[in-house]
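Student: Pulled from TrEMBL, these are the listed features:
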DOMAIN    42-240  domain 'Neurotransmitter-gated ion-channel ligand-binding'
DOMAIN    248-330  domain 'Neurotransmitter-gated ion-channel transmembrane'
REGION    344-364  region 'Disordered'
SIGNAL    1-17  signal peptide
TRANSMEM  242-265  transmembrane segment
TRANSMEM  272-290  transmembrane segment
TRANSMEM  302-327  transmembrane segment
Amino acid sequence: MHLWMLLSLTAVMGAVCSESLNCSYLSLLEHLGVGSNNYSLSATRPVRNWRTPTYATVDLYLYVIIDVNEKSQSFTTGVSLSASWTNELLRWNPKDFCGIRQINVPKEDVWRPYFTIMESIEAMHSGAESAREVVLRSAGRVSFGDTYKITSTCNMDLYKFPFDTQKCQLTLLTLLNTIDQLRLVIASNSSDVTTRSLTVFQTQGEWDLISIHVSKDNLTIGPQDVLDQLVYTITIARRPQLYLINFLVPVLLFLVLDLMSFFISGSGGEKLSFKVTVLLAISVLLLILNDILPSTDQKTPVIGMFCTGVFSLVGCSIVETITVSFLMRMASKCDAKAFTWRTPEKNKGEGTNQPADSTGVGHHLKRMEDDSSLLRLILAELQAADNDNGFCASHSVH
């Protein structure tokens with residue numbers, strides 16, 4: 001009897017000790033073989049039959065637009081990427097480990113797909129708060145998520161600048177696994193991705209996020225290698241208020257000022273100098289616009305054609321002002337020469353007792369001579385009166 005009680009007590013204590021030992025994460029990691037420099041868990045695809053493909057469910061959403069460079073045709077964004085797949089080699093029964101259903105393990109200790117953005121022109125890297133672990137569940141489901149800063153190429157159409165809408169693509173794929181080994185599955189449709197991105201969108205800068213369209217495609221490399229890829233088409237629209245204030249409105253005002261300059265008197269140089277100043281101001285705006293827009297042989301932006309047209313109109317008005325001033329000077333010289341040549345003809349007519357000129361010019365010259373004779377007579381009378389006053393004053397003194 002005592003022996004039976006002793007054996008029962010020993011069995012209960014052993015079960016309690018075993019249960020307390022299996023309740024720790026350490027015992028679970030030791031059971032799975034994770035963290036013990038097991039290279040096979042991180043290097044090989046986690047399937048029991050190599051012909052079985054691994055299905056990775058991928059979700060990506062945009063949370064910030066960092067920069068859009070029209071000159072270099074680049075697009076810098078911040079995205080959040082999450083993926084999940086099944087690891088057939090890392091499974092356990094939660095009842096054997098006190099109900100533990102998931103555990104966090106270092107991402108370097110387990111296999112995971114290495115995603116690449118095809119349009120990326122810089123190394124795809126994580127932010128400051130990079131995730132260092134993956135979540136491992138009892139059914140073998142592995143989940144991974146991280147944030148990335150991506151600078152990618154974007155073919156931009158700037159014909160309607162600054163009222164343009166751009167579409168940039170982010171193509172997600174894995175270059176190390178073909179479609180027979182790894183297949184990508186879309187986790188959320190386009191509507192859900194757009195809604196989630198607009199919810200967490202953080203910037204209120206120059207660009208507005210319109211929509212994100214998700215599609216699946218295949219990429220063929222070589223005769224037999226086919227890669228699975230997900231294409232995220234991001235549609236963004238520019239806010240044109242800043243460019244309206246800095247470019248369009250000043251150019252229109254300069255054009256109005258140039259038109260108003262026609263009311264300035266053309267006798268001096270103020271009109272010409274004013275027009276040249278307006279032309280220089282427009283040229284400065286054109287230089288700033290040239291620094292923003294890229295050099296392309298395709299469609300020229302409308303704002304560039306508009307500024308160039310205004311520049312040409314102001315240049316034509318300057319040429320018109322110079323031409324009118326030149327013609328006015330030539331007309332005044334012609335009038336002076338005509339007056340000089342008509343005066344000897346009048347004197348010659350008087351010497352031969354013939355009318356020199358029957359036009360209004362001759363009458364005008366005759367009237368000028370009569371006025372000069374009258375002025376000389378008045379001047380003589382004034383001098384005589386002045387001499388008489390001086391003579392009287394001298395006699396009164398004596």
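From the backbone N, Cα and C atoms, a Cβ is placed for every residue, glycine too.
TrEMBL: automatically predicted annotations, no manual curation.
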Student: In the same chain, which residue numbers or ranges, 6 or more beyond the ends of the transmembrane segment (242-265), come under 8 angstroms Cβ to Cβ?
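Tutor: Beyond its ends, the transmembrane segment (242-265) has Cβ neighbours at 161-162, 206, 271, 274-275, 278, 281-282, 285, 288-289, 303, 306-307, 310, 313-314, 317.
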Student: Can you count helix, strand and coil residues in the domain 'Neurotransmitter-gated ion-channel transmembrane' (248-330) using DSSP?
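Tutor: Grouping H, G, I as helix and E, B as strand yields 68 helix, 0 strand, 15 coil.
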